[in-house]
Each structure stands twice: as structure tokens, then as C-alpha cells.
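Chemist: Okay, here's the structure, questions in a sec.
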Amino acid sequence: MTRYLFITGGVVSSLGKGISAASLGTILQARGLSVTLIKLDPYINVDPGTMSPFQHGEVYVTDDGAETDLDLGHYERFVRAPVSRRNNFTTGRIYESVIRKERRGDYLGGTVQVIPHVTDEIKRCIQEGADDVDVALVEIGGTVGDIESLPFLEAIRQMGTELGRERCMFMHLTLVPFIGTAGEMKTKPTQHSVKELRSIGIQPDILVCRAAHPIPEEERRKIALFTNVEPRAVIAALDVPNIYQIPEELHQQGLDHIVAEKWGLELPPANLADWHRVVEIMSNPEGEVTVAMVGKYVDLTDAYMSLNEALRHAGIQTRQRVNIRYVDSESLEREGCSALEGADAILVPGGFGQRGIEGKIEAVRFARESRIPYLGICLGMQLAVIEYARHQAGLENAHSTEFVRHPHHPVIGLITEWMTDEGEVEQRDEADDLGGTMRLGGQPCRLAAGTLINQVYGKDRIVERHRHRYEFNNHYRERLAEAGLSFSGWSQDGRLVEVVELPEHPWFIGCQFHPEFTSTPRDGHPLFASFLRAAIAHRDGTAQAFNHEQH
């Protein structure tokens with residue numbers, strides 16, 4: 001029997017509902033419960049796949065190929081349970097399903113309305129996503145009072161009534177601002193937010209109050225009195241320097257105990273030793289390294305959320321503080337590569353579009369010629385191929401068909417546009433296994449024996465997640481291999497290049513997949529850990545080229 005804990009937000013957005021939900025989920029998991037997390041997004045887009053990173057931040061890709069909200073990344077990093085397309089639903093996806101059913105005649109000619117048809121679809125999606133776990137934590141995006149959120153709030157209100165308090169609970173996240181000029185905290189925004197929620201028919205059981213300063217006991221009692229919530233269930237969520245402290249912070253305030261008690265559950269105590277170790281290492285690093293991340297969304301670091309966290313996870317494994325130096329790729333086109341000087345490693349992440357491309361290519365060249373550890377992810381791998389083709393293989397006008405419609409040397413092309421060994425363009429249609437769509441989700445990859453990537457993973461076959469439309473053009477494989485580029489990873493069928501590396505370089509890897517999506521703070525990821533060890537060696541002046549002949 002699944003129990004549901006619904007998380008709503010008030011006053012302002014971006015208070016950290018996702019991290020709060022994920023933190024509570026990992027505590028409940030540590031107490032022996034099976035847990036899943038679901039995100040309901042009120043926007044009308046079907047998914048965030050076509051949204052600008054400036055609008056939405058990173059698009060998080062699940063193993064089954066869903067393009068989802070970045071909060072699902074927090075879910076997987078905190079809770080050792082995989083998520084899928086069933087863990088993220090948008091208004092667009094809900095309406096798409098309702099309209100499809102109406103066209104099929106499923107509603108028997110009835111008038112299709114928000115209540116009951118849309119709300120019933122929302123409830124169906126929530127229950128389908130819960131999938132027989134002990135507890136489903138369901139986060140409703142946006143802020144109470146937003147018109148877009150109303151159908152979702154009505155749906156969870158109905159679930160609370162239908163399933164009862166023994167199976168449903170409501171947690172509301174609010175802001176308790178500190179007014180510096182007055183020198184005091186203000187509880188009115190929280191009071192009014194809860195009043196708005198209660199007007200919809202939802203009485204929260206727990207309040208999590210974001211605050212920059214400790215909330216005095218008197219203010220806590222006032223909040224409890226005016227919101228009809230038990231004083232002990234008014235939880236202070238203070239600003240912390242490290243989000244991985246939050247599970248322990250919430251546990252110390254008894255949040256998991258309140259949840260278990262309200263549901264009448266007798267659970268073993270939580271073992272949070274793993275989280276304590278993570279926080280201890282991050283608080284007491286043995287050194288620090290600087291990684292230059294070259295991209296075009298550097299003004300909004302949420303666009304690289306999983307990548308930022310993966311580097312920090314590698315810092316935990318190597319006991320280093322990772323300083324990420326964000327470098328605007330367009331600035332490299334104007335000012336040269338001076339912004340990369342002093343970096344211990346260089347990373348070019350995935351991305352789309354032509355803006356800043358030449359700057360990224362210059363960053364690849366700088367890393368190659370300066371023998372600085374380089375990791376290119378997705379687009380970063382493709383640009384490493386282009387740079388090498390231009391400057392080492394004699395293909396001066398090498399480019400990708402993503403940026404130039406008819407380049408003289410299309411070393412990178414659409415998955416549907418391939419050159420045969422005879423140099424003829426082969427057009428694949430939608431009947432092909434990859435079709436004309438983006439390659440998404442977990443895909444198997446074979447690693448060549450004796451290569452650096454093979455040593456990094458310690459295995460011959462891996463599965464990593466993808467999100468791309470373009471791939472290396474096999475017509476140029478022999479030319480680039482003769483020039484010294486190693487092709488060390490392949491798709492399962494051997495048709496697509498997944499990994500390239502430079503044998504004569506201390507550490508230079510480009511991968512078509514996104515390893516950041518499978519990195520977690522407690523387990524890390526072998527590729528990022530190896531990348532950081534190479535950065536440490538470069539910093540300390542002990543870097544040596546990987547000898548393929550000895551492996």
C-alpha cells in the first residue's frame with residue numbers, strides 16, 4: 001500500500017522543494033522504506049527538451065530516454081532509486097493525453113472539463129508513477145496561487161480526501177524573510193501562503209520554512225498558531241553551504257520521525273553515515289583543483305547542474321575542493337585563451353547551436369597543445385574531433401553539419417546523414433532503429449581493450465545516457481586514426497563512435513554520452529574521478545602520457 005506525501009511551495013519559487021523532497025526521501029530510505037519521487041510541472045510544454053537553458057536550466061535525461069526537469073537529477077543523486085518518464089509530468093503532457101482520449105471517444109461523447117477529466121488524469125499519472133513503493137513523494141512545481149497550478153492542487157486535494165490521512169500527507173515549503181533594517185523575521189508571507197493553500201482545501205501537516213537565520217521559538221509558535229500546524233512540525237530549513245548537509249539537518253529536527261508517527265509506522269533508526277562522510281570530506285578537503293568549464297550558458301550555472309555536481313562528487317572521491325571556473329566561449333573568440341591559463345583541467349560540456357563554437361574549438365586546441373587534461377562531453381567530443389581534423393589531420397575546413405549546411409569535410413553529421421566508405425551520402429529514414437529523432441537515454445557502449453577509457457571504467461562494456469542528434473562521420477575514421485586520434489568506444493552494433501582519445505596526451509577524452517547523469521555524491525563516477533586525478537597530477541607537475549602499449 002503506497003502512501004503519498006505531497007510537497008507544495010509558497011511565497012516565491014526556487015525555494016528548494018526538489019532538494020527538500022530528495023533529502024526527506026533519502027532519510028526515509030535509510031529507515032527501511034522503498035521510496036520514489038515524482039515531479040508535476042505546471043507549464044504547458046510537453047517536456048523541457050525544447051526549452052532554453054536560460055528559461056529552465058538543465059534538461060535531465062533518464063535512463064529510459066525521457067527529457068525531464070532538473071529536480072529529477074536531485075532525486076537520483078540523493079535517493080538510490082532510478083527515475084523514468086513516469087516520474088515527471090507536465091500540464092502539456094496531461095492535456096495531450098486527455099485530448100488523445102477524447103479523440104478516441106474514451107469519454108463517450110461527454111463534455112471534457114478540467115474537473116473531472118484533467119484532475120483524474122493527474123491522479124492516474126501520480127498513482128502510475130508510484131509503482132507499489134512504500135512512499136511516493138510528489139512535488140508540485142511552481143507556487144501556490146499560480147493559475148497554472150490549480151488543476152494539480154485540486155487533484156492532490158481529491159487524493160487526500162479519497163485515500164485519507166492514513167495514506168496522504170501534505171508538506172508546504174515557504175520563505176520566512178529577514179528584514180535587515182528592522183532586524184527581525186517576518187512570518188506574514190508564510191501565514192498568507194498557507195491561507196491560500198487552505199482556501200483550496202489543503203491543510204498542510206508539515207511546514208518547512210526557508211530562512212537565512214535561525215527561527216526564534218516565539219516565531220515558530222506564531223507560525224504554528226496561525227497555520228494550524230503543530231509547533232514541532234514547523235521545520236527550519238536554514239541556508240547551508242553544501243546541499244548534502246540537508247538530510248542530516250532535517251533528520252536532526254525530526255522531520256522523518258514526524259512523518260513516521262503521523263502514518264503510524266514503526267521504523268528502524270536512520271543510518272546516515274554515508275552522508276556524514278560526504279559532508280566531512282567536503283568540509284575538510286586535502287587540496288583544491290581548478291577546472292575551466294567552457295560553455296555559452298555560464299551566466300546560469302543551473303544549465304550545467306548535473307555536471308557541476310559530478311565534479312564535486314569527484315572532489316569527494318579525491319578529497320579535493322573543486323573550483324569551477326566558468327568561461328564564456330564567446331569571450332575566447334574575442335580575447336583568446338588567457339581565461340584558461342592556470343586551470344588544472346578543461347571541460348567542454350554538451351550544448352546546441354552555433355554561438356560560441358569557435359571559442360570552444362580554441363579551448364580544445366589549448367588543452368591539446370598545452371597538455372592540460374581535457375574532457376569533452378557530447379558536443380565537447382564532436383568539437384575535439386573537428387579541432388583535431390583541422391589542425392592535425394590536414395582537413396582545414398572540417399566542421400559539423402549542425403553549424404555549416406555543406407562543409408567541405410563534414411566530420412560530424414546528423415545521425416540520419418552518413419557518408420558510406422565510398423563517400424556517398426546515405427539517408428536513413430524513420431524505419432531505422434535510430435530514426436530521425438534525437439538519440440536519448442541509456443545506450444550500451446563497447447570499450448576497446450588497452451585504452452585509457454577502458455582503464456578508467458575497468459570494464460569492456462558500459463551503459464551511459466545520451467542526448468544528441470549528431471555523430472562522428474565514419475568516412476573520416478581512417479584519416480583521423482592515421483593522424484593519431486584513437487577511437488576507443490563504440491555503440492553496441494559498432495556503427496557509432498562513442499569515445500575518442502589522444503594516446504600521446506596525459507589525459508584527453510571525448511565521449512558522446514553524458515556521464516554526469518549517473519554520478520552520485522556517495523558513489524561518484526569513474527570518469528570524473530579519473531579526470532580529477534589527472535588534474536591533480538597536472539597541478540603537481542607529475543602528469544605522464546597514458547601508455548596504450550602497456551595495457
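Any Cβ shown, glycine's included, is placed from N, Cα and C.
The structure displayed is predicted, hence computed values, not measured ones.
Among the features that Swiss-Prot reports, active site, nucleophile is placed at CYS378. Feature annotation from Swiss-Prot assigns active site to HIS514, GLU516. For SER13, ASP146, ILE147, GLU148, LYS186, THR187, LYS188, PRO189, THR190, GLN191, LYS222, the entry in Swiss-Prot reads CTP binding site, with the evidence type sequence analysis. The UTP binding site annotation in Swiss-Prot covers SER13, LYS186, THR187, LYS188, PRO189, THR190, GLN191, LYS222, and the record cites sequence analysis as its basis. Sequence annotations record features per position, and here Swiss-Prot assigns ATP binding site to SER14, LEU15, GLY16, LYS17, GLY18, ILE19, ASP71. The Mg(2+) binding site feature in Swiss-Prot is assigned to ASP71, GLU139; the stated evidence is sequence analysis. What Swiss-Prot records for GLY351, LEU379, GLY380, MET381, GLN382, GLU402, ARG469 is L-glutamine binding site, and it gives sequence analysis as the kind of evidence. The domain 'Glutamine amidotransferase type-1' annotation in Swiss-Prot covers 290-541. As annotated by Swiss-Prot, region 'Amidoligase domain' applies to 1-265, with the evidence given as sequence analysis.
Walk me through the surroundings of each of these features.
Modeler: Taking the Cβ of CYS378 (active site, nucleophile) as reference, residues of its chain lying under 8 Å away and at least six apart in sequence are, in sequence order, PRO349, GLY350, GLY351, HIS466, ARG467, HIS468, CYS511, GLN512, PHE513, HIS514. Taken residue by residue with DSSP, CYS378 (active site, nucleophile) is part of neither helix nor strand, so it is coil.
Reduced to three states, the DSSP call for HIS514 (active site) is coil.
In the shown protein chains, 27 other C-beta atoms lie within 10 A of the C-beta of GLU516 (active site).
Its Cβ placed at the centre, LYS222 (CTP binding site) has 19 other Cβ atoms within 10 Å. When secondary structure is read from DSSP and collapsed to three states, LYS222 (CTP binding site) falls in the helix class.
Secondary structure at PRO189 (UTP binding site), taken from DSSP and collapsed to helix, strand or coil, is helix. Long-range Cβ contacts of PRO189 (UTP binding site) within its own chain (separation 6+, distance under 8 Å): GLY10, VAL11, THR174, LEU175, VAL176, PRO177.
For GLY16 (ATP binding site), other Cβ atoms within 10 Å of its Cβ number 19.
Look at GLU139 (Mg(2+) binding site): DSSP puts it in a strand. Neighbour list (GLU139 (Mg(2+) binding site), Cβ cut-off 8 Å, at least 6 residues apart, same chain): ILE7, LYS17, GLY18, ALA21, LEU37, ILE38, LYS39, LEU40, ASP71.
Taken residue by residue with DSSP, GLU402 (L-glutamine binding site) is part of neither helix nor strand, so it is coil.
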Chemist: Just to confirm my parser: what is the rounded mean pLDDT across the domain 'Glutamine amidotransferase type-1' (290-541)?
Modeler: 91
Chemist: What does the structure give for the C-alpha distance between GLN382 (L-glutamine binding site) and THR187 (UTP binding site)? Integer Å is fine.
Modeler: 52
Chemist: Among all protein chains shown, how many Cβ atoms are found within 10 Å of the Cβ of MET381 (L-glutamine binding site), not counting that one?
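Modeler: Taking every protein chain into account, the count is 29.
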Chemist: Work out how many Å separate LEU15 (ATP binding site) and THR190 (CTP binding site) at their Cα atoms, rounded off.
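Modeler: LEU15 (ATP binding site) and THR190 (CTP binding site) have their Cα atoms 13 Å apart.
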Chemist: Counting across all protein chains shown, how many other Cβ atoms sit within 10 Å of the Cβ of LYS17 (ATP binding site)?
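Modeler: Summing over all protein chains shown, LYS17 (ATP binding site) has 25 other Cβ atoms within 10 Å.
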